[in-house]
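Features reported for this protein in TrEMBL:
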| type | residues | note |
| --- | --- | --- |
| DOMAIN | 1-286 | domain 'Amino acid permease/ SLC12A' |
| REGION | 1-23 | region 'Disordered' |
| TRANSMEM | 38-58 | transmembrane segment |
| TRANSMEM | 107-131 | transmembrane segment |
| TRANSMEM | 156-177 | transmembrane segment |
| TRANSMEM | 183-206 | transmembrane segment |
| TRANSMEM | 227-245 | transmembrane segment |
| TRANSMEM | 257-278 | transmembrane segment |
Amino acid sequence: LVGIAAGESENPEKNVPKKGPTTSENLSPYSRAVKNTFWRIFLFYILTILVIGLVIPYNNENLLNASNNNDITIAPFTLVLQIAHLKQAAHVMNADVSSFFLLAHKYLYITFPTVILSSVFSATNSCFYAASRTLMALAQEGKAPKIFAHVDRRGVPLWSLIATTLVACISFTTTLWGGGKVFTWLINLTGISGLLSWMSISVIHIRFRQAYSAQGRDIKDLPYRAALYPFGPTFAIVIATFIFAGEGWTATQSDNVAVSVIGVYIGVVVFAVLFFGYKFVKKTHLVPLLEADFDTGATRHRDVPVDPEEPEKMSWWRRIVGIIA
């Protein structure tokens with residue numbers, strides 16, 4: 001998402017945070033939001049998982065005796081609230097907000113899935129934004145129908161957005177047939193696709209750095225350099241591989257092994273068909289490191305317009321906040 005947003009920014013080197021001293025110039029609202037992403041992920045994901053692990057015992061009966069895997073009444077978040085004797089909050093988590101309004105007025109009963117809907121809206125916005133721009137970029141590179149490269153006067157890839165919306169509507173079929181199988185297949189397809197995307201990004205990152213060095217270029221010339229290279233991308237590939245293996249092992253423990261394994265790895269099949277299908281149709285091959293093109297379409301630092309305004313002096317506490325968040 002950061003890369004896609006940077007591609008649509010007028011001055012990405014200013015809007016996306018970079019190394020160097022923290023000043024008002026590189027602490028724009030955009031860069032501040034990007035830098036806050038790390039702390040938001042740490043707070044809402046890592047710390048949340050830690051709290052759940054500390055509160056819920058591994059042998060909790062509500063987890064072990066769940067009627068099905070999609071039962072929200074035994075979700076970890078709900079269990080934490082129940083263990084803390086916050087039953088009304090647990091009802092809110094289950095989209096039963098009548099309990100919340102009952103605290104304010106005992107005669108008012110309204111049921112509305114606020115928690116779920118707020119999460120859905122947030123996830124939908126980011127997913128549609130990324131998916132439509134990715135499809136547009138593929139069309140501009142000739143890897144998707146040209147119609148998806150169209151952008152209206154407001155800068156919105158209209159046809160790409162419509163296409164991604166129609167594909168997303170497939171999720172509504174989960175309520176029509178399959179007894180939950182369609183839902184499971186869609187979840188596995190998107191989950192495995194996410195892992196494959198991260199593995200692809202990691203492999204591309206490694207080959208990019210190798211090709212850049214193989215051609216005698218100085219890594220210091222890059223506007224951004226990953227601090228944990230090559231550990232970061234290598235670690236991501238290893239972890240994703242372990243997750244693949246773990247998903248497969250879990251599928252072999254089910255009653256219907258064949259269906260479960262296919263359901264888990266259906267995303268791999270789709271990825272392989274698209275990848276090797278494109279290779280076969282376009283007759284492309286793996287580009288050697290010495291032949292990688294780093295110049296065509298590249299935007300150099302000197303090509304980026306410089307803001308003529310002098311950066312204002314920042315107080316010491318704003319500098320600290322800028323470094324942390």
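A Cβ is built for glycine as well, from the same backbone N, Cα and C atoms used for every other residue.
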Counting Cβ pairs under 8 Å that sit 6 or more residues apart, are there three or more between the transmembrane segment (183-206) and the transmembrane segment (257-278)? yes
The transmembrane segment (257-278): which same-chain residues, six or more beyond its ends, come within Cβ distance under 8 Å? 143, 181, 184-185, 188-193, 196, 244, 247-248, 250-251, 284
